[in-house]
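All remarks here apply to the structure that follows.
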Amino acid sequence: MGGNTGQLGIHTCKSLAEDDHFDPVEPPKRPTSNLIMHSMAMLGREFCYAVEAAYVTPVLLSVGLPKSLYSTVWLLSPILGFLLQPVGGSASDNCQARWGRRRPYILTLGIMMLLGMALYLNGDAVVSALIADPRRKRIWAITITMIGVVFFDFAADFIDGPIKAYLFDVCSYEDKERGLHYHAFFTGFGGALGYLLGAIDWAHLEIGRVLGSEFQVMFFFSALVLTLCFIIHLCSIPEAPLRDVTKDIPPQQAPQDFLLSSDKMYQYGSIEKAKNGYVNPELALQGEKTPNPSKQISKTMTMTSLLRVLMNMPSHYLCLCISHFIGWTAFLSNMLFFTDFMGQIVYHGDPYSAHNSTEFLIYERGVEVGCWGLCINSVFSSLYSYFQKPLVSYIGLKGLYFTGYLLFGLGTGFIGLFPNVYSTLALCTMFGVMSSTLYTVPFNLIAKYHREEQEKRQQARGGSLDSGERGQGLDCAVLTCMVQLAQILVGGGLGFLVNKAGSVIVVITASALALIGCCFVALFVRYVD
């Protein structure tokens, strides 16, 4: 991957241009070590997610955040992500940075995650050291903590799209499948590791006394894990700059003589494929030509054109997005209120009683056990992702998708109808099945759709088949937007239901949505052989 990947001469471009019968080929097979290194970003992200799940509520309570602002904290980040993620996905498709198209965005969002964690885990301590006035100290502590939570959530949600697009750009179809399974495996492993470290009472250990509090201890571990994981990820697979190819294209090149000339050549795929001696079929097989591709590659989408593209998405992409939205709404409905369900419904505790009362202590015990249930979910998600590849050869992606929704729907239904400590913990394994399914199958289908479109353009070479001005970055971003949309719905609607009917209604709702999702993925989602 070293010497030859760094240069692309005029001779290479001309040799491609002169070969009218050039047959584009897939990227080379990536070593397993490269795919594992690429998956480290998911481990770091999910580790930090688990730390946030364990500590963000205690942090917000400790700074005295008013209850009226809780909905603002939880809704602001997904609203921003839902509005900005498609724009970011389109921008990454057109990015001409020296590091490639996706890695600048991944690095920027990783720094934002680190900054967000620093603010919400350390903000109170820093403000207390700098401000003496209690009123001003409380206002600044709340402000900085809220900004930190929003920063972290926004960046952690947003970063999934560029990571997936980066994988799709630099890998063959088979390696995309392998890479997605490794992503799911390390996602579960990172979550389990984060929950386990979050369950340790650091305040009574030496490192807790040295660093000041358990919040500072968890920031130290989170920053260390996130930094190492993202350094490994960014160094995993070379990604060439988009402009390296275009700078050597003569401005007035005759369109019929240059296979890579296209008004949509800034869309789809990775230019690294051309730099390594092969051409991305998505770039090479466009029909309509333009006299000046070097200028066209710098073209970026306006908001109007972006909305037009989203509104004109093919129906099978739209159905996949709807199924992803249903799945994430069901999953988040259960996960966000699961520890409260354990404390109130399974253990019969009372979070509103006096803090020294038996009922409140029982509730806290239920919450602790609920955290172990979330850890079981992460561990089983990691294990299930390992077995997905052999399973898909027997039941296919449709069977895998349907099974994930079905098992989750049945599992949460039994938990809601028959709340029991041991059966609930055992059925937390079904959460892991759903988690692994949501992280792999929809993106596998995106890869298959793009592969099918490449083959159609190859068969229609010289025709005018329109790609719809969508790149892989945009498609991954739109799919990931469904997670933010689900967060908005869950954060805005289910809180009201919990206040009216208790946590059990959330579990039943999650079960019903998952079973509806079963029917949808079986009847409406399109599967490519």
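Cβ coordinates come from backbone N, Cα and C, glycine included.
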Requested in this report: Examine the ranges 39-58, 399-418 and name the one recorded by TrEMBL as transmembrane segment.
Outcome: 399-418
Query - the transmembrane segment (139-159) in contact with the transmembrane segment (71-92), cutoff 8 A, at least 3 CB pairs, sep 6+ - result: yes
Query raised in the report: Would the transmembrane segment (399-418) and the transmembrane segment (504-525) count as touching if the test is at least 3 Cβ pairs under 8 Å, pairs 6 or more apart?
Result: yes
Query raised in the report: Of the listed stretches 71-92, 217-237, 317-347, which one has the most C-beta pairs under 8 A with the transmembrane segment (504-525)?
Result: 317-347
Query raised in the report: Restricting to the same chain and to residues at least six past its boundaries, which positions have a Cβ under 8 Å from a Cβ of the transmembrane segment (317-347)?
Result: 362-367, 369-371, 373-374, 377, 401, 404-405, 408-409, 412, 415, 419-421, 424, 431, 434-435, 437-438, 442, 445-446, 449, 475, 478-479, 481-483, 485-487, 489-491, 494, 498, 502-504, 506-507, 509-511, 513-514, 516-517, 520-521, 524-526
